[in-house]
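**Student:** Just passing along the structure, written as structure tokens.
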Amino acid sequence: MREFLEETLQKIEAAGLRRSLRPLEPLGPTRALFNGREVTLFCTNNYLGLTHHPRVTARAQEALRKYGTGSGAARLVSGHNPLLQALEEALARCKGSPRALVFPTGYTANLAVIGTLAGREDVIFCDRLCHASLLDGCLLSGAKLVRFSHNDADSLRRLLNQHTGRRRFIVTEGLFSMDGDIPPLPEFYTLAQEFEAILIVDDAHGTGVLGPNGRGTVADAGIPAERIVISGTLSKALASLGGFVTGPGLLSEFLLNRARSFIFTTALPPVSAAAALAALEVLEAEPAILEGLWENVMRFRQGLNARGLPASGNSPIIPLILGSPERALRAAENLLEQGYYVPAIRPPAVPPGTARLRITVSAAHTPAEIDGFLNALGKALEEA
């Protein structure tokens, strides 16, 4: 085994793709200690900065004192608790769906919804740039997998005309995690209706960020949420841990009876459920936080434009594609030397030849942090 492991790791390293863990000690939503030095983070998914919001931390502490550190069992055994039930009701209201079902992670939620709904006689039409969890759900299902061009409704239509099966599914992200762009959801919904397909939208990065009161990309697109399937996470804008699926009323019942990644795993800890529930309440009670996020996004994108740097899209995720892993690593290391932490994103997380800096803006960033980072970024890209 040792020889195989060493040989594989050497190949990964030779391609500039070897990864390692870097311990960070959080100091707040956007700052951390790295090797004893304070750095500013422009890479987290903590879009609203709610991990340190007083209401969120207080509710988590209260749940910790009341319920302890873990759930102790699967939900169908003794792991279901009042906080999980309240969280599911709040998520259903947020998404405008009849019901929601919470999972330990967003990954397990996607495995469940696709891997359980689809089967060997079905066809799944999946965007080429969808997250690994969506692709793994497709492969797990055993259904025929057809990849359509990224965010391309014409490509999807052509393929829908070419491939038939018992049932058909259209799978996309609401806000793409690596490119920061949004698909034409109204067109996809129309195609789903026309071809009697089931539309599944992973709104992990749109939840809490887009749409009225942060209800997500489906609400932003004006699509009736009760007629499609939405998955998402609690670990990004909602400042906790976990995943969820919303959809027609019977979907939750179906998944809790059939989805292996729900049945055979320990329930989300009460402390995580409490934090996510509090974050949803903050979204409703403090709209200024979401407004602040978009003010920061605009400030950063305007700063990029002023420096002649690409700023496509309109979201808190800004990819600067540098091509080779080596160049992306050099740029990331230069930024770190200047006190900014933005790891290089390399294949297989992104397609070959598109290694990048994946920059994310948070509501918790200050104007001074944004302006300082813009100056540092210009220097890093020149020297990369």
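Count begins at 1; order follows the chain as displayed.
Glycine residues also receive a Cβ, built from the backbone N, Cα and C atoms like all the rest.
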**Student:** Look at the pyridoxal 5'-phosphate binding annotation in Swiss-Prot, where GLY106, TYR107, ASP202, ASP203, ALA204, HIS205, THR233, LEU234, SER235, LYS236 are given, and name the residue from SER78, SER141, SER177, SER261 listed for that site too.
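**Tutor:** The record-listed residue among the candidates is SER177.
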**Student:** So if I measure Cβ to Cβ from HIS131 (substrate binding site) and keep only same-chain residues at least 6 apart in sequence, which ones fall under 8 Å?
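**Tutor:** For HIS131 (substrate binding site), the qualifying residues are ASN110, GLU173, SER177, ASP202, ALA204.
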**Student:** Work out the three-state DSSP category of GLY106 (pyridoxal 5'-phosphate binding site).
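**Tutor:** For GLY106 (pyridoxal 5'-phosphate binding site) - judged by DSSP and reduced to three states - the answer is helix.
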**Student:** Fill in the CA-CA distance, ASP203 (pyridoxal 5'-phosphate binding site) to ARG19 (substrate binding site), as an integer in Å.
**Tutor:** 27
**Student:** At the level of the C-alpha atoms, what whole-angstrom distance separates LYS236 (pyridoxal 5'-phosphate binding site) and ARG19 (substrate binding site)?
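**Tutor:** So the Cα of ARG19 (substrate binding site) lies 22 Å away from that of LYS236 (pyridoxal 5'-phosphate binding site).
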**Student:** ARG19, HIS205, LYS236: which of these binding-site residues has the highest Cβ count within 10 Å of its own Cβ?
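**Tutor:** Highest number of other Cβ atoms within 10 Å: HIS205.
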